[in-house]
């Protein structure tokens, strides 16, 4: 019998409960390039020292349990355990601190966001010794990044497919999002695309309801796409939501979209789940479909400031799981601090290499190596007068989504689309000429109105 598995009755082991910090708090630990690093915002129960709570997070999200078990002797805890290696207070917050935890790469299945989250956040958030816990950021090592396909195509390939360069893309969600027949829905799609938008979009909760079954919607939207392409000479698309109750049904809808020859489908990646999302992403790459991602349900996870997960973590996970676009919100009208934080995770979506910058909420330097980038989608209550700020803040590699800002135009859908396209092209032209969009934005839009049909 192997010495490692041999039962030694005369030796035994020291059973019982012991403090987590004795095993899992290791301030002397030097992190490895292959470690997954996590930054947790911890709010402990009163009277619990930070070192113990940080170590508890590391233990309960890796190899630990509430008591010592004899099977600990059958493996190497030093190789597999998570380690809380640094603790720092949160400025301006009483009794909150950031616990930094390092996880050995062997704890995670290759290419599985599902397994990564199951390990890191699957159980520890219900730990009664903590009042609240929030995952602020993750550092994904290059060795783990390379096990993921990532976005089906990425920013450059999408631009090449669409033959559209040098400006943000324009998009509109069809409203009302529920209740339209498939034919009337397709009519609205045609009017918006014919007016000058690049894309229209299913709302996140449009799947296959009694008033509009998915196959009918796909057919009428495809007709609208082809008609608007023939009349404008531009490549158009509609985000056909393939989200369904089963993975098999989701793939069936994506297959039908491919057979129709449309360029893009859509998925609700949080409600649909990471396993389904990764499967759809792989299908889209293999079959030449772009993949738009909606983040429905994200606020359930990321809205609380001291519990849950920050959206930057969900954004990183999406880039690994796969998607060519994802909604990122917008910074127009928000506080400057929120602007910096939002643009921080926008850079995490688009760029290849992002330096640590705590002022923007980036706790770790992240190297994505060759993983394609994701286009952020700016949405939520924006309209044509926001165009100068959006053009300046988000730059060319973005999608600007005007729902009510298109369909709410007093002259109708097509004029609303025309207004957005004219405003965008005017702002891009002014920017390229060196004009100050922040100072002259209103004047630029008014000048464009004079020549708009």
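Placed from the backbone N, Cα and C atoms, the Cβ positions cover glycine too.
Not measured: the values here are computed from a predicted model.
Listed in Swiss-Prot for this protein:
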- 175: active site, proton acceptor (ACT_SITE)
- 294: active site, proton acceptor (ACT_SITE)
- 123, 173, 177, 295, 327, 379: substrate binding site (BINDING)
- 201, 203, 204: Mg(2+) binding site (BINDING)
- 3: N-acetylproline (MOD_RES)
- 14: N6,N6,N6-trimethyllysine (MOD_RES)
- 201: N6-carboxylysine (MOD_RES)
- 334: site 'Transition state stabilizer' (SITE)
Quiz item: Given residue 294 (active site, proton acceptor) and residue 327 (substrate binding site), what distance in Å do their CA atoms have, once rounded to a whole number?
Solution: 6
Quiz item: Does DSSP give residue 175 (active site, proton acceptor) helix, strand or coil?
Solution: coil
Quiz item: In sequence order, which same-chain residues at least six apart have a C-beta under 8 angstroms from residue 295 (substrate binding site)?
Solution: 268, 269, 270, 311, 314, 318, 326, 327
Quiz item: Cα of residue 204 (Mg(2+) binding site) to Cα of residue 123 (substrate binding site): how many Å, rounded?
Solution: 28
Quiz item: Do you know offhand how many angstrom separate residue 173 (substrate binding site) and residue 201 (Mg(2+) binding site) by C-alpha?
Solution: 5
Self-check item: Pairwise Cα distance for residue 175 (active site, proton acceptor)/residue 203 (Mg(2+) binding site) [Å, integer]
Solution: 8
Quiz item: Near residue 203 (Mg(2+) binding site), which residues of its chain come within a Cβ-Cβ distance under 8 Å, counting only those 6 or more away in sequence?
Solution: 173, 174, 175, 177, 178, 241
Quiz item: Taking just the CA atoms, what is the gap between residue 123 (substrate binding site) and residue 201 (Mg(2+) binding site) in Å?
Solution: 36
Quiz item: For residue 175 (active site, proton acceptor), what is the tally of other C-beta atoms lying within 10 angstroms of its C-beta?
Solution: 16
Practice problem: Find, for the listed binding-site residues 123, 173, 379, the residue with the lowest Cβ contact count at a 10 Å cut-off, counting only other Cβ atoms. | Solution: 123
Quiz item: So for residue 201 (Mg(2+) binding site), how many other CB atoms are inside 10 Å of its CB?
Solution: 29
Quiz prompt | Largest tally of Cβ atoms lying within 10 Å of a Cβ, found at which of the recorded positions 177, 294, 327 | solution = 294
Quiz item: If you count Cβ atoms within 10 Å of the Cβ of residue 204 (Mg(2+) binding site), leaving out that atom itself, what do you get?
Solution: 21
Quiz prompt | Rounded inter-Cα distance in Å - residue 379 (substrate binding site), residue 201 (Mg(2+) binding site) | solution = 12
